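Engineer: Got a structure here, written out as structure tokens. Questions coming.
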Amino acid sequence: MSAAPTDAKSVKLVVVGDGAVGKTCLLICYTTNEFPKDYVPTVFDNYMAPMTVDGEPINLGLWDTAGQEDYEQLRPLSYPNTDLFLLCFSVISRTSFNNISSKWLPEIKHYEPKCKMMVVGTKTDCRNDEAMIRKLADENQKPITTEEGEKLAKDIKAICYMECSALTRSGLNQVFDEAIHIVLNKNQSSKKSSKKCALL
């Protein structure tokens, strides 16, 4: 990352979703290239750094939020002036998937009615984890598919759907690259179907 001049455009991305879906891991892995060994709810400090995207200087701000109900009064304090919300769910948690439309969409729309959103499926490495698949099967469940994620994004009028794994870093950089480009209007993903923007 290179130093950005004072007139650089600011890009504010806010990550929301249920607790334990991997929001903090996403941010830590993206900014440090290291996967945290232990789960500690919301330990990531807001990350601000100058960088250059396609030759254009920007100041990138990444905001983590706590998904737990205990933080419902504090969480909205991070919402004002957000350029793009990343609504995250775990592909191995049907509850977190359902809560995107039943909880997180209404919450951010209440505070930021004209907000832009993208939907992000996390923990995609678990789709191939036999032990996890058996555990879900015991509960009469199965991992959320890419197609389900795409449909969710379309149903809630999100700009696009993408998915990634913080553990393997598969798709991780692409999620944030896409988010930054959406804010900077460098691509036309908002004019395409969510399927065009989905990352397999």
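Positions of Cβ are set from backbone N, Cα and C atoms, glycine also.
Reproduced below are the annotations present in Swiss-Prot:
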type: BINDING; residues: ALA20, GLY22, LYS23, THR24, CYS25, TYR39, THR42, LYS123, ASP125, ALA166; note: GTP binding site
type: BINDING; residues: THR24, THR42; note: Mg(2+) binding site
type: MOTIF; residues: 33-44; note: motif 'Switch 1'
type: MOTIF; residues: 64-82; note: motif 'Switch 2'
type: MOD_RES; residues: CYS197; note: cysteine methyl ester
type: LIPID; residues: CYS197; note: S-geranylgeranyl cysteine
Engineer: Over the motif 'Switch 2' (64-82), what does the predicted model average in pLDDT?
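Structural biologist: 86, rounded to a whole number.
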Engineer: Across all the protein chains here, work out how many other Cβ atoms are within 10 Å of the Cβ of CYS25 (GTP binding site).
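Structural biologist: For CYS25 (GTP binding site), the 10 Å Cβ neighbour count is 21.
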Engineer: State the count of C-beta atoms found within 10 angstroms of the C-beta of THR24 (Mg(2+) binding site), not counting that atom itself.
Structural biologist: 23
Engineer: Reported as an integer number of Å, what is the Cα distance between THR24 (Mg(2+) binding site) and ASP125 (GTP binding site)?
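Structural biologist: Just about 17 Å between their Cα atoms.
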